[in-house]
Amino acid sequence: MTDGRRHWKGYAISFVFMGIMAGTTSGLAYLMGDVVNRIFVQQNSAAVWILSGAVLALSITKGFATYGQAVSLSRVGNRIVADNQKRVLNRLLTQDVAYFSGSHTAEIMLRFSNGAQAARNVLNLLITSIGRDFLSVVGLTAVMIAQDPFMALIGLLVMPIAVGGVRSLIRKVQKIFQREFHSAVQIMTESLEAFQGIRTVKSFTMEDNMRTKIYGRIDGLEKASNRMIRAQSQSGPLMEALGGVAVGLVIMYAGWGVLHGGRTPGEFFSVITALLLSYEPAKRLARLNIDITPQLLGARMLFEILDRKAVEVDPPGAADLKLAGGSVEFKDVHFGYREGEPVLRGLSFVAEGGRTTALVGPSGGGKSTVMSLLERFYELESGSICVDGQDITQVTYRSLRNAIGFVSQDVFLFSGTIRDNIATGRPGATDEEIIAAARAAHAHDFISGFADGYGSQVGEQGTQLSGGQRQRIAIARAFLKDAPILLLDEATAALDSESEAEVQRALRQLQMNRTTIVIAHRLQTVVNADRICVVDQGRVSESGRHDELIARRGRYFNFHQLQFAGQEQRLSA
Ligand SMILES: Nc1ncnc2c1ncn2[C@@H]1O[C@H](COP(=O)(O)OP(=O)(O)OP(=O)(O)O)[C@@H](O)[C@H]1O
């Protein structure tokens, strides 16, 4: 807990309220003895006033204590949820890209939201059980013992049986919970995919398939939830029966005592009241194990994230990257996303500062991987990557990533305004700077064409931008970021020639005076690049300027010929 002491203070307060609740409840049970004896047996008229006043006072105190404990417990509970969510968010943000590509968003989201609630529920259940229920049972037992120890013993005889009875249910509950969680993740995953891929779903008329599949999952979850309720409620009949046995035995013993053994009716009523009042808290205590099990499992889902090591943590004493021209060097880099499946096999190349280096080669050769590695989204197996002579593993993540701008084919827009989206390039940028960046990116005109201009909403609930427009937003971001190193994954599709020309113009401007590494799909880029690296099977098989490589008549030359033969201005694919 980030601030455990703060939580415990809150719990201590609700504990005090619970103590008052337990005390007043026991007091009320105790008074029942006097009510019966003084008012009904002794017919003492003064006692009517005193006892009714005392009952009233105790009830009012109990009412306030009930309110106080509910409010204080909820407050501390809500704080725990909030704290836990912040901690999980922090831990998630320090995970690397590999973690996110390896786990489904739906599962992370469920752990994030339900896990934090479950952790709160565990503490609440423990506190209310110990504070309210346990104290009540202790207080009421004390009343029973004070009135008649033997009668109390009869009443409490059933307790061990109740506790033993519920134990067997716990394993069942655990198993059902796992199934419930799994079904919930599947429902969330599949419906998220259906909504995110709604165009594909509709154009392939997959609605019926989707419906059937997700219906099946929902039905599965419903069944699991029903099974859970059945298992959890199995303790109900057991407890009712045992409670009945206890009350029955007390009536038999005490009734006989009142009739034949000189016991007062007051003692009898007081014990019965205490027994009936302790019934609910005792039931809850016996069920505690069952109720807490799913919550504990839910909390474990959360703690599995919290227990993960923060991956993206700077080594102690890591220095910030010192830029001097922004040259990039890959030296004999070996890397694979999975064990035994190498993607880069000894890749080396130099991207000189301020120059444009183009990566070309067949699809799947590892070009995008090169870019991910330079941003240090993944760790190398061997070899090194240096920026201006500094190994990227030795400098801070922040300074490395601040030095790199990125424009890719699929541009991610956050929900918010166009202004906000451009400003992600440099948080805190002024309106003038944002507009200047948009102008440089050839985006100002189309943005001004919207009714709300820079204030237009984009993202999931906003204006849908075209592919070319989205790209120009990304370019504006990169202009604003003004990083010395630029990674460019050239657009290959979905741009009409007009917006393509706009995007190209903007990109040319952006590339000026920056170290640019571009995944080139267009001949034009390659022809003008200062250096072309042919990435094939995880290595740079050839490099040089366009005319040098053509003259060499090797791999690049073949690509080039192919492209011309296909009349397609693309190199990869
Ligand atoms: N996140 C990932 N997890 C696992 N494998 C991946 C991941 N990204 C890429 N790969 C694999 O790594 C290999 C290289 O992919 P990469 O995207 O770097 O190639 P590329 O040269 O950029 O291809 P293209 O020109 O088609 O974009 C491919 O075999 C691909 O399946």
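The backbone N, Cα and C atoms fix where each Cβ goes, glycine too.
Curation does not apply to TrEMBL; its annotations are automatic.
Range annotated as transmembrane segment by TrEMBL, chosen from 12-33, 474-495: 12-33. Within the model, the domain 'ABC transporter' (328-562) carries an average pLDDT of 87.
Between the transmembrane segment (45-65) and the transmembrane segment (12-33) there are at least 3 Cβ pairs closer than 8 Å, counting only pairs 6 or more residues apart in sequence, which means the two stretches are in contact. Here the transmembrane segment (122-144) touches the transmembrane segment (12-33). Their Cβ atoms form 3 or more pairs under 8 Å, with each pair 6 or more residues apart.
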